[in-house]
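Features as listed in TrEMBL:
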type     : residues : note
DOMAIN   : 128-311  : domain 'Mucolipin extracytosolic'
DOMAIN   : 419-555  : domain 'Polycystin cation channel PKD1/PKD2'
TRANSMEM : 329-351  : transmembrane segment
TRANSMEM : 380-401  : transmembrane segment
TRANSMEM : 416-439  : transmembrane segment
TRANSMEM : 459-481  : transmembrane segment
TRANSMEM : 527-549  : transmembrane segment
TRANSMEM : 781-805  : transmembrane segment
Amino acid sequence: MGVLWIEGDQRGADGRSTHVSQTLHLESLVAGEDVDSSSISVDETMSGSINADAESETQILGLRKRGGERRVYTEGELRDDLRFYFMNPLEKWRARKKFPFKLIIQLIKIVLVTLQLVLFSRYRYSHVNYVEDMQTTLRSIFLRDWGPERESVVYPPGQGPLSIYTKTDFFSYLEHAVNAIEEYGFSMNKTFLLTTGYRAPHAFTIRLNCLKIIPSDDINPEPNASWPKEKVPSGNFRAVPFLEDNDMSISFDALVKVELIFYLKTVNFRADTPLQVPECYKLKGLVLFDNADHDGQMIISLYLTPEKLVCRGETSYVDHGIEAEVGRAVLNIVIMLFCLCSFILCIRAIVRAQKLKCETMLFFENEMDEKLEWSDQLEFLNLWYIMIIVNDFLIIIGSLFKQLIETRASRIEGDLWNVCAVMLGTGNLLVWIGVLRYLGLFQKYNILILTLKRALPNVMRFLLCVLLIYFGFVLCGWLVLGPYHIKFATIYKTAECLFALMNGDDMFASFWVLREESPLVFWYLRIYLYSFITLFIYCILSLFIGIILDAYETVKMFYEEGFPQSKLEKFIYASEEDGHIGMAAETSWGHCCHRCPFQSPNRQPALIYSFELNSAIVNNATEIQKKIVGKKVSHDGRPTESDQEDLPYVVIIPGNPGCITYYWAFCEELEKQLEGKVHIVAVDHAGHDIPATWYDAFKGAWNPYGLEDQILHKQVFLKEFLPKNASIIFVGHSIGSYVILELMKRMGVALHVQKAYLLFSTVERMHDTPNGKKLGVTFHYFRWLLVFLAFLFTLLPSSFQSFCIRKYFSKKKISPWSLTATERIARPSAVSNIVFMADTELQCVRELDRDTVMKHKTRLLFYYGARDPWCPKRFYYDMKMSIPGVQAQLCNKGFPHAFVLKHSERVAEMCASWIKDFLMPRQDKLTQAESMAETVKKIEESL
């Protein structure tokens, strides 16, 4: 959003001169939109008298777009839109006959996703159960001394893991595994259908400390490779001779682990039904001998990793296999379409809600002189819609994975099953939780939601304190009891054990399982558990339940006596005109104009004049189409060609950030020093201020304006909003100086520039400056990170945002206007535009345009800082040496580059003295010419 600040004098109809200050907001939009130029939003306050008859009976908020026309947005219409927004679907149907599409879609979606979950759950259970049973069977075959007692899950376990303790046992178990794998690798009559192309084993790895030995010549880990026939074991594999033949030996002192890798193929025939077609798998098996602890105990385990393959041959159910597969595919596609529609509708609802929130905030600030409280702002963020968006996303992704699994389009690893299950399961859970929203439409079913909402803040604060105590117990128990107690062996087991104890689970076993090796640990466990159980069960849980009950009792009281109303609710229901709601227009998408006055720490500007600048940049930004929305009137305080056209215009082009609020004190002091002898105009950079609407903020963040766009922005402004032959005195700061040089170069004689004062000008080699080298990478690669941080900052309450900014600048003693400006640019759209413009500055501002400086050197004055990280002192000396006769000064007053923060008045006094010195000779010549003309006239009369 661009802002034009104008200050000057206006002569009223009664002949009295009235001081007027004015701010114009420029918004660059996409060209091609038809806009009615007859509607503007004006709010003016003058030091002179104001005709009371000119004030509207209705309070005007802004302009709204409905279809192709623009119309005024009144207070009553805003109240109606707010009432309609907070209605439930049934009330909306009664008020405006708006069909509840989201409600119908959610109800249909519940049925479809539940059916999908049931089908996939049975399908996945069959797969997981098959792999688990297969792994149990292979353990009993390939691992020696594996008994059925190890297959049952008992806690605490009745026996430890399968282990060996001697070298003889190691070779014995290894030989048993190799021989068993070899036997089942060729048999077609055993438990599994295995292909003969898989000789056993395929990889034999012995890992020593800092060394891994793999006999790559004879052992190939590829699944279709096999050992040479002369070296294939034939049921009598012996480990020691094999190692000797391959020049290998095992040092058990250095042995870490031994891995025996093999591959098997199998077919799961399952039940021959339409939904249970045969499935083919490739199994990667691993027999692991783990000696990592070097404690004399080597643990033996077997792991299987299944990979689903496309079966070759007649694997489909003859009658209905294809129909069932097509039916599942159609169900997946229909669910994804419903979820996509739900996703789009919820996104649209959130966008409209945020736009309505922005309109409401502006209304409260402008018309009621109040700020909308943070709790009221959160009312516009519907968390139900957020939850629906999340579950739609999860179900869409999960359905895609489910389709891949069911069609067997590619090889499917085990993790894809789990990822698909997690997404579909979580999405279905959120869908069913969302049903509570519609049950909440009925008063008796709404108490659960209201109680949780009421108790949530207190519960979160309470849990924060509880978690500190809980984690203290977890860390202490893990450290002290971990080596002696099975329930405290890891930090995860410790946390789970304490959580179970908190709910009364298996308390006696927790005391009894400890090994009585250390009396100190024995008694410490008892003190530890007694303290934890007493504190959490009798104190903390009771307090937690008390918080919930207190919220429940409060909600019951509200049902009887009425719920308290917030400031927003009081505004909405100030006048109960329900019949008028149906007549109100729907919440619109676009805006024509929006009032957005400065929040001055001392006073507000006298006049806010809003309009849009509709620009389209084509052919590499060489052409621009312009359309100005608004009325150029001469009675609103804005000077025109017929109103004091002889006075020059002081046009101020800011630096970056280009929020003109930073320069407000500078403009005020400049106007004071020049005593109304000039018109003062300040134009900020497009996008460097608070956007009018949420949609404009989103658009500004994604489509920021670069340096070239800002130059075109100022070029259009000078052509459209200044008199054709106006005399111009430029005052440019930082990158504004570069913009001024480009304007003088491009517009040529069409721009009547009398003088240009370039303060701390960045007109050359920005990439070679200290700040350019330091911040260039940040501007180029981390723009979106800064935008995201700004977005997180905007989520904080506005009062807290202001507190943070003022706290940060408290020791720097900057001006109130600078604090206000910083609050205004701490928005994602403004940050995006500021950083993107800075990046384009570093790319575009390279060598000095000497031809332009030489051509206009008599009209240019460069003012360099003595210690300027954006324009070093050596640039001043280079300018003086390379362009003889150029007017350049070096600051000797200690002004920093960002002088607007706390040196605005002093720099304005300096600029005013320059302008006075420049204007005095011109005014003296005018006075002399007038006196001579008067003398000549007297002589003619006497003759």
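Note: Cβ is positioned from N, Cα and C throughout, glycine not excepted.
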I'm a bit unsure how to read this: which one of 380-401, 416-439, 459-481, 781-805 has the highest number of Cβ pairs shorter than 8 Å with the transmembrane segment (527-549)?
459-481
Same-chain residues at least 6 beyond the ends of the transmembrane segment (380-401) whose Cβ lies under 8 Å from its Cβ atoms:
85, 102, 106, 113, 116, 332, 335-336, 339-340, 342-343, 346-347, 349-350, 353-354, 356-357, 360, 416, 419-420, 422-424, 426-431, 433-434, 437
What is the three-state DSSP composition of the domain 'Polycystin cation channel PKD1/PKD2' (419-555), stated as helix, strand and coil residue counts?
117 helix, 0 strand, 20 coil
Determine the mean pLDDT over the domain 'Polycystin cation channel PKD1/PKD2' (419-555), rounding to the nearest whole number.
86
